[in-house]
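First the structure, in the form of structure tokens, and then the observations on it.
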Amino acid sequence: RFAVSVGYWKDPYIQYFVRQAKERKAPEINRGNNSGFVCVAGYYARVHGVSHLVKAFLERTGCNCQVVNLGAGMDTLFWRLKDENLLPRKYFEVDFPMIVARKIHHIKSKPPLSKPIMESHSGDSLLIDSHSLDSSRYSIVGADLRFSADLEEKLKKHSLDVHLPTLLVAECVLVYMTPQQSASLLKWAAGTFPVAMVINYEQVNMRDRFGQIMIENLQRRQCSLAGVELCSSLDSQRERLLVNGWENARAIDMMKVYSFLPQADVKRIEALEFLDEKELFEQLMQHYCICWASKDSSNL
């Protein structure tokens, strides 16, 4: 929310989910990641990097696909895609029932959020209760990602189509699950959808001194990263995807992502706030990555 208010990128919807932050965030946090508080939502390179892959998938499938956003929290991607006329055939969000209830409350009480859902809806009446929302194009499901059988059952109740090309997005989600739990989720997805892609954004290079300090900082806040052992390198991130049934996998750190972004826009955002800790910024960016993998029986 703070990064959007300063002008790093445009998101007219985040204001309806998140109050304006009272404290000012450091520039390296807005551009990259925060070593102390791992999951502060939305950073320039992360938003653009994930967005680039999501849009590439939507364009390649002609939007004749579905998106499943795992651990979506207060994410606003559905509304932003609708504004760009890039909605998939169906967009699903999954999170814990308590988070889902809060999001549904915001949607019900704020017309700028509910109106786009109604505009994209067709057919029977829209279903909504305290822990789920189901329209023809957008669904929010309350479920625990650690139990894939329960997850699949709930998604199918909301019209998940296993035959459609499917994109799964997980941003700082798998790292909070044990390696066995995340393996089970990835294996389920790879085995369920004949044509699919998964995007995973999370930590990497966590065995070096900087990574260890990040882990210690989090532990002091009673926040444990149950899956951090799989975040030791880009190779371990790729390998995790390949051993769980995905055919092709790639991973790049966020410094590399930052170097790929349009340079005119990078210059624009670098002028927004003075950044004197370039070395810290680079270290932070080298400790997060975007990985993506595909399973492609249709040769998309």
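The backbone N, Cα and C atoms fix where each Cβ goes, glycine too.
Taken from TrEMBL, the feature S-adenosyl-L-methionine binding site covers Arg46, Gly71, Asp144, Leu145, Glu171. All protein chains considered, the CB of Glu171 (S-adenosyl-L-methionine binding site) has 23 other CB atoms within 10 Å.
Around the Cβ of Gly71 (S-adenosyl-L-methionine binding site), a 10 Å sphere holds 20 further Cβ atoms from the protein chains shown. Within 10 Å of its Cβ, the residue among the binding-site residues Arg46, Asp144, Leu145 with the fewest other Cβ atoms is Asp144.
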